[in-house]
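Colleague: Once you've had a glance at the structure underneath, I'll fire off some questions.
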Amino acid sequence: MLRWLRGFVLPTAACQGAEPPTRYETLFQALDRNGDGVVDIRELQEGLKSLGIPLGQDAEEKIFTTGDVNKDGKLDFEEFMKYLKDHEKKMKLAFKSLDKNNDGKIEASEIVQSLQTLGLTISEQQAELILQSIDADGTMTVDWNEWRDYFLFNPVADIEEIIRFWKHSTGIDIGDSLTIPDEFTEEERKSGQWWRQLLAGGIAGAVSRTSTAPLDRLKVMMQVHGSKSMNIFGGFRQMIKEGGVRSLWRGNGTNVIKIAPETAVKFWVYEQYKKLLTEEGQKIGTFERFISGSMAGATAQTFIYPMEVMKTRLAVGKTGQYSGIYDCAKKILKYEGFGAFYKGYVPNLLGIIPYAGIDLAVYELLKSHWLDNFAKDSVNPGVLVLLGCGALSSTCGQLASYPLALVRTRMQAQAMLEGAPQLNMVGLFRRIISKEGLPGLYRGITPNFMKVLPAVGISYVVYENMKQTLGVTQK
């Protein structure tokens, strides 16, 4: 179909100069099915589908947002031609940015190199699979004509947008703070897109955490009290009986407030650690990204850890025990001293390595599997695949680090339990295993897993809508 498109609508001579209007007119007439001189979105959808032209996600809506100058919901020929010409200029710039050796062709090695600039590492074999989805003549290289034909109606703006699909970031927030920070391109930094994306992610995290707060508090209660008899329904009944429905959100305020300082610190120190681990001009690899991200997570956790302790104390506390965050901090300082704000800090720090490492490794494994087996017609995996990979990799990371998270939570709260010995990390591990067995180290993991799917869905929807509101993406 791409060969037909090149021969019938976009001849090879087009790469040498401006396209004759009659060529655009031929395509316009093919799309204008009722012959009324304009193309509406339904005609565009049906026409492009019947022509077999590759489309990006929500491509038709984006084309109309950009091309429909008078906002009448239809494209006349002048608007149609102007959109294609403007879009082709952007695609020419994208092609040149990929064509590193300026030979007029894109090769697999150049795709690998360009992906690395976005912090995404793939093999040469995987790059060849991507190349095959664009290559129309089987030469295993992509020239300008093939490139233009493939992205003719795919309304991406530049090469970074084209290959950004597999960045390990989709606005997912499942309530954990140990993930490796996002990578931002130079253009995103200069344009200010980076802080808008961080803000969108922060708002999405706040909404997601608030929506799943009852499950999070239940998890904390099961971790701290460690009772085999406390199941999910019994736990909810007990919390509602003790403090009413509002008590299900106890501790959520602190959990939301800490998003902003933690994100800011993690992002800033991540950039500093990357500079320390890589030479100037060198692109960061997966290993350096893992080390930098883990160190950034540890630094951010050190900075906001007192809020983690207060979140646990508020969640476990009884009605009337604390009037709010300030009252909780004041009582901890008065009765236990400043050191109490860092109880459980060591297991929390140790949990960062297995969580971040396994999260990143599983995501890379899933990405490689998809590229090897399914990247035949498009490099874009789609929203469901991205969300699924992100959720699954985070879940695997949680499984590995959960025992450390449980011990951390108990150390944070053990001063509140009457008659409970004040044990260190090793002592708590021994006590849990001797009294509850190995399953005791995973107490509360069921509600933790139950919140993953709603958290992923809510945070993604809010994140995408906030990006539109903040001007990161077009509506």
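Cβ coordinates come from backbone N, Cα and C, glycine included.
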Colleague: Which one of 151-170, 251-270 shows up in Swiss-Prot as transmembrane segment?
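Modeller: It is 251-270 that Swiss-Prot annotates as transmembrane segment.
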Colleague: Quick test of your reading of the annotation: per Swiss-Prot, do PHE429 and ASN465 share a side of the membrane?
Modeller: no
Colleague: Looking at 294-307, 406-419, 420-433, which stretch does Swiss-Prot describe as transmembrane segment?
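Modeller: Feature transmembrane segment in Swiss-Prot: residues 294-307.
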Colleague: Over the region 'Regulatory N-terminal domain' (1-173), work out the mean pLDDT and round it to an integer.
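Modeller: Per the prediction, mean pLDDT sits at 70 for the region 'Regulatory N-terminal domain' (1-173).
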Colleague: Can you tell me how many other Cβ atoms are located within 10 Å of the Cβ belonging to LYS74 (Ca(2+) 2 binding site)?
Modeller: 18
Colleague: Cβ within 8 angstroms of the Cβ centroid of ASP32, ASN34, ASP36, VAL38, GLU43: which residues besides those meet this for the Ca(2+) 1 site?
Modeller: LEU31, ARG33, GLY35, GLY37, VAL39, ASP40, LYS74
Colleague: CA-CA, which of the recorded positions ASP32, ASN34, GLU110, LYS435 lies nearest LYS74 (Ca(2+) 2 binding site)?
Modeller: ASP32
Colleague: As a test of the contact definition, list every same-chain residue at least 6 positions from LYS318 (N6-succinyllysine) whose Cβ is closer than 8 Å to its Cβ.
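Modeller: Listed in sequence order: GLU242, GLY243.
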Colleague: Determine the Cβ neighbour count for ASN70 (Ca(2+) 2 binding site): the number of other Cβ atoms within 10 Å of its Cβ.
Modeller: 9
Colleague: Non-local Cβ contacts of GLU79 (Ca(2+) 2 binding site) (under 8 Å, 6 or more apart, same chain)?
Modeller: GLY67, ASP68, VAL69, ASN70
